[in-house]
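Structure first, commentary second.
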Amino acid sequence: MNHQKYIRNFSIIAHIDHGKSTLADRLIEHCGGLQAREMSQQVLDSMDIEKERGITIKAQTVRLVYKAKDGNTYYLNLMDTPGHVDFAYEVSRSLAACEGSLLVVDSTQGVAAQTLANVYQAIENDHEIVLVLNKLDLPASEPEQVKQQIEDIIGIDTSDAVLISAKSGIGIDLVLEAIVNKLPPPKESSSDILKALLVDSWYDQYLGVVILVRVIDGYLRKNMRIKMMATNSVYTVENVGYFTPKKHISDVLHAGEIGFFTAAIKQVADCKVGDTITDEKKPCEQALPGFKPNLPVVFCGLYPTDSSEFEHLKDSLAKLRLNDASFEYEMESSSALGVGFRCGFLGLLHLEIIQERLSREFDLDLITTAPSVVYKIHMQDGENLEIHNPADLPNLQKIESMEEPWIKATIMVPDEFLGAVLSLCTEKRGMQLDHSYIANRAKIIYKLPLNEIVYDFYDRLKSCSKGYASFEWQMDVYEPSELVKLGILVNAEVVDALSTIVHRSRAEQRGRALCVRLKDLIPRQQIDIAIQASIGSRIIARETIKALRKDVLSKCYGGDISRKRKLLEKQKAGKKRMRQYGNIEIPQSAFIAALKIGDE
């Protein structure tokens, strides 16, 4: 099939819950990609977590064969992309492999902040955009108002928007005709030499690493010797094919097509996403521009509740890493929690997804330490450090200055919830940069410290706006800040797993809250237990768990007072000895509850 004019490569852009995976299901159904009995909801969301949470995490691809009204048969390559801010990187990869996009907007809710970010990315990639207004069958649907909103915010023409209901299947044929007539075919191949973009890779236990590619020039066929231009690795192609969404093996992938190949590659880490794949014998001269590397911004420790599970955790993380190159980890040990791993994530949702996959797919019971971000430390001796583990923070006396990362956040919220959202941003040390109105929705741009966002910002934003606010952010700058290390001591012993780096203005409040929480969680012992929060050597908050007291006088019926005094003195001496040598066991449940994300 070398008719590039009959190929359409497109991605679907939409905010969470605006219906993109449902639309993808209807397109697959309409084009006969699966029989009716094989259809399930959200066909392209392959992970159970994706289906349950109703979100797309990994970008998926499918080739559809469509007989258009003009009598020609078209080959449509659909990339279903994630909508959540943590997975924006998956979106950028999908967009780079396509020429056009379907912008799906919920006609009952209008434009959301994350949609904006993805649309601007699509425009940067020179995409032709087809507007699709979904959920037309709902009583709250306001297509004309939403069209006006899109013209005001994004500035694209909405006169030929396609109105559909993906759930009931209304207007699906109109979407397919719009894809064929409005989206451009791939550019003509300028050379016969293979040049392909590595879009994604994942691990298959039978085939090894499966690589998703978009062929730009030339062709990719079985038994070909190929070279990865970033790593200079050479492999022999074993299988070539595409998804419909079932796996189909074919002989060759031509220019303009999206498909997969396998080549006995052992690790996903060997395949750099955005790399250029070329023929080993006749390599292309210039590599494709690729993507900017995806760096983790949120870090936390993962520890097994049972230390014998450590090897199992190590193997499980290695397997997850095979499918998720954006996830990083390294070994670390804690005096309170034993040996575990320090892990880096793209954001809090990414952290939750990894945690959930570890417990579900690998049956692991884990303790997660408080999330932290990367701080830049300037030492007095001129040395510069980057730290994401509070335990690694040097002595404050030796530090010249500390910088924390700030983000630029775009929040879109209905007018009636604006006050609550503004006060939340102010409480989180935010600085307002811009404030505008589009119809009855406010669009505010804030500069916020990432440290404040990783705790509970997203949950609180959703609750104070009854779920209507949408939030999108990107890293902005590092700025000097008055940061301190908040330590927690139990019976004068530092519990390193509970240490956090906080802004000085929030230290006392955070310390007091942690002490109160631990007081409720640690069971009473036979001695008083002091729980303290400290900054350096200064104690800023304290709670005391009162001792349990055994009634040593229960068997003394009357009799001499000196007998009672002797028993009480003996008890007192025993408690003194316990205070001196006794270790306070903090139960795992107390750790888990104390480290719950959320700053009460």
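Just so you know, glycine gets a Cβ as well, placed from its N, Cα and C.
As annotated by Swiss-Prot, GTP binding site applies to Asp17, His18, Gly19, Lys20, Ser21, Thr22, Asn134, Lys135, Leu136, Asp137, with the evidence given as sequence analysis. Swiss-Prot lists 5-187 with the feature domain 'tr-type G'.
Secondary structure at Leu136 (GTP binding site), taken from DSSP and collapsed to helix, strand or coil, is coil. Taking all protein chains in view, 25 other C-beta atoms sit within 10 angstroms of the C-beta of Ser21 (GTP binding site). Ranking the binding-site residues Asp17, Gly19, Asn134, Leu136 by C-beta neighbours within 10 Å puts Asn134 at the top. Whole-number maximum of the Cα to Cα distances across the GTP-binding residues Asp17, His18, Gly19, Lys20, Ser21, Thr22, Asn134, Lys135, Leu136, Asp137: 17 angstrom. Asp17 (GTP binding site) falls within neither a helix nor a strand when secondary structure is assigned with DSSP, and so counts as coil. Confidence over the domain 'tr-type G' (5-187), given as mean pLDDT on the 0 to 100 scale, stands at 75.
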